[in-house]
Amino acid sequence: MHPRDQTIFALSSGRPPSAIAVVRVSGAQAGLVLTTLAGKLPAPRQASRRLLRDGTGQPIDDAVVLWFPGPASATGEDVAEFHAHGGRAVLAALLAAISVIPNMRAAEPGEFTRRAFENGKLDLTEAEGLDDLIHADTDRQRRQALRQLQGLLGNRARDWRERIIEASALIEAGIDFSDEGDVPAELRAPAVKAIKALHVEITEVLAAQGHSERLRDGMVVAIAGEPNVGKSTLMNQLARRDVAIVSPHAGTTRDVIEVQLDLDGYPVTVIDTAGIRETDDPVEQEGVRRARARAEDADLVLWLVEGEQAADPASMRSLWTSGDGSHPSGGSVWIVRNKIDLGEFGDEGPQGEFGISASRGDGIRELVDALVKFSAEFFGTSEGALVTRARQRDLLRQASDSLRRSLELVGEGEELAAEELRSAAYALGRLLGRVDVEDVLGAIFQKFCIGK
């Protein structure tokens, strides 16, 4: 029996113990599972309280069951759900009772969602939105993922694809007239108009995305500087907990330490790095190497100095493996003066420099406010973004390029223009997951948890 013909089951809720646990079953045997464990089938889409029994008649649990006959279900197949008590022993007995029923097997990661995709319940962009929603850590990530799940990009892509196919039909119909002379204007003109409009729409979407793809992974901020200037103390202040060891001894931080922050809904990864200095200690040398590598990839570097100490350009240049002290990948660098409680310095100094006391917390609120403002500018207009993944951007760019080439060719050779339109429609079909996407399905659905 093909794996997709088997009925699958899995725990779909969180790890036990819990108050309630949900076990989901999908496939042709879902109804049999319900009747075997709970007696007769309940009314579709209505909760029913049942005493669950295993194959020998032994009671398992007093639970709520639901029945969703396909295709009107989440996966498009027959689906059964058991809402049982979330104790480990209860779930072990329930899953064991299901597993011994013929043609049953445990679901693989993301398999319920993959079956929903294969049965037309959602397209690939919506599946990606679901994946993002499951992994969202901040409210802005949640809102962006939910819009994708609700079809923000998928609906537009379907409309574009249908219009491309209509324009292609006009062009190809004109080819039939080629033996009799030029393609009739009543066929070419509306096709060209439609192609121009489509090209403009897709190009505008690509141009307006800003850092929307980055909202999924977040912005990276590296705290860097010479040893023992308070980098780890600042890290703990930003995290509001002790995540880094603080010591008066220089070189305490040997490895890169990361913490995930939610700054007004913006996902930010803050990195505490080893102090930048020349050293003979091989372990510290490796820490410095890693610090430089992560700082070079950061979107923003907070270069920490002590009080009124000048920000030594040579020290800052030493942070990068090459260059003149500016960020090698175009990121921003802020000077943050620590230990202002030991000298005269305001909350914010010249040229956007910040004054803080990491040990007392002075100036931290102002620094965080500046980070929130920087995050808003960095992520830009990602609130209504259509494109949230590199895969989506690449396929939209392919479609846009094909539309542009079709416009260039439509007056020279209708066959070539029609071929470019087919390429554009094909790219959008891949975007939606409707053509030739087997190579990406595994990569997407394997990231889902088991039971989803």
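Every residue, even glycine, has its Cβ placed from backbone N, Cα and C.
A quick note: this is a predicted structure, and the numbers were derived from the prediction, not measured.
Features of the protein shown, as given by Swiss-Prot:
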BINDING   Arg24, Glu81, Lys121, Lys452  (6S)-5-formyl-5,6,7,8-tetrahydrofolate binding site
DOMAIN    218-376  domain 'TrmE-type G'
BINDING   228-233, 247-253, 272-275  GTP binding site
BINDING   Ser232, Thr253  Mg(2+) binding site
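Put simply, Arg24 ((6S)-5-formyl-5,6,7,8-tetrahydrofolate binding site) is 48 Å from Lys231 (GTP binding site) when counted between their Cα atoms. Remark: Glu81 ((6S)-5-formyl-5,6,7,8-tetrahydrofolate binding site) has Ser12, Val22, Val23, Arg24, Val25, Val65, Leu66, Phe68 as non-local neighbours, by Cβ distance under 8 Å and separation of at least 6 in sequence. With respect to their backbone Cα atoms, Lys121 ((6S)-5-formyl-5,6,7,8-tetrahydrofolate binding site) and Ser232 (Mg(2+) binding site) stand 49 Å from each other. Compared over the binding-site residues Arg24, Lys121, Lys231, the count of CB atoms lying within 10 A of a residue's CB peaks at Lys231.
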